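First comes the structure, then the notes that go with it.
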Amino acid sequence: MGRSLIFSGNMSLRISHLPRSSLPLQNPISGRTVNRTFRYRCTRILSNSFKSTTRLQTKAVLSEVSDQTRYPRIGAKTTGTISPAHLLEVVELAAKTGAEVVMEAVNKPRNITYKGLSDLVTDTDKASEAAILEVVKKNFSDHLILGEEGGIIGDSSSDYLWCIDPLDGTTNFAHGYPSFAVSVGVLYRGNPAAASVVEFVGGPMCWNTRTFSATAGGGALCNGQKIHVSKTDAVERALLITGFGYEHDDAWSTNMELFKEFTDVSRGVRRLGAAAVDMCHVALGIAESYWEYRLKPWDMAAGVLIVEEAGGAVTRMDGGKFSVFDRSVLVSNGVLHPKLLERIAPATENLKSKGIDFSLWFKPEDYHTEL
């Protein structure tokens, strides 16, 4: 099963990304690092190509400067009795194990059932979650687990809560559309402590993956290399992402209006259909912001930490301090956060005035938090 999974080489998907990337070149088929002499020649060619440019406009940059200081941090202050390195090791292993199951199934016919009128679930969701659970239980048998398919499992008195989305973007997966992922995040006393998202890229017959990961206070990585949000400081130059839930209620209608509004004033708004992937794209610097109503803990637990550790900002859509147990999220590169809130927060407050509550809608009973 594992032989079918090719964890992505560190090549950017577009050649225009190469001048601003520090990721090592790898052969996308063998995964082996490209010959150093060849890499040196490529570097010289790229360097010479840009010598005449006095100012190179870039989006994603490697920088430790953060624009998130005005917003409360959401990451855990500590990982408790487990070291950050060990916790991240298991989180990544769990996500990659689930991704192996998905990779095995991605080009095969799928047996699709429905949880509602339009919320489909495949056998792959269930098999991926089972594989992830096996990894978590083997390493931390006393931890509490919240899975999208299996619900609550384990000891509710544990300080650790694993939030598992075994296949984020199931509809995309079912159609072979390249925007889906396996997402695993672990909370310590209610706050994100470690995260891993394995994103599927490519398309039918040429699927590949890249792995995003983060620990609280440890930075964000893509395929082991540090990443950072963009520095775009104007909405007019920003690429934005949102999502729509299955309930066509007032929140859905309000977000449709926000979608139209931001389409008029930004570079564009995308609706890709996988929350974890959307947030990782903000962390990578290829989009500036993502927002959505009606999300659940397993949708957000991994992605929000990766964004924050990449230098971004995370709040509720009304601007309040975010919790994984809330029902709305706005993530951004930090620079644009106040400008986005100027438009989004009033719409959210209007929904709240109608009795729609987006805060702390779901938390496992008896699970201790520091929120």
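Glycine is no exception: its Cβ is also placed from the backbone N, Cα and C atoms.
Annotated in Swiss-Prot:
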TRANSIT   1-60  transit peptide
MOD_RES   Val61  N-acetylvaline
BINDING   Glu148, Asp165, Leu167  Mg(2+) 1 binding site
BINDING   Glu148, Leu167, Asp168, Gly169, Thr170, Gly273, Ala274, Ala275, Glu292, Asp299  substrate binding site
BINDING   Asp165, Asp168, Asp299  Mg(2+) 2 binding site
For the binding-site residues Asp165, Asp168, Glu292, the one whose C-beta sees the most other C-beta atoms within 10 angstroms = Asp165
Residues within 8 Å of the Asp165, Asp168, Asp299 Cβ centre (excluding the Mg(2+) 2 site residues themselves) = Glu148, Gly169, Ala181, Ser183, Ala274, Ala275, Ala276, Lys296, Trp298, Met300, Ala302
Per DSSP, Glu292 (substrate binding site) is which: helix, strand or coil?
-> strand
Simplified to three states, DSSP reports Glu148 (Mg(2+) 1 binding site) as coil
How many other Cβ atoms are found within 10 Å of the Cβ atom of Glu148 (Mg(2+) 1 binding site), counting all protein chains shown?
-> 23
Any idea of the Cα spread of the substrate site, Glu148, Leu167, Asp168, Gly169, Thr170, Gly273, Ala274, Ala275, Glu292, Asp299, as a max distance in Å?
-> 18
What three-state class does DSSP give Asp168 (substrate binding site)?
-> strand
Can you tell me how far the Cα of Glu292 (substrate binding site) sits from the Cα of Leu167 (Mg(2+) 1 binding site), in Å?
-> 18
Alpha-carbon spacing, Asp165 (Mg(2+) 1 binding site) to Ala274 (substrate binding site), which is rounded to whole Å = 10
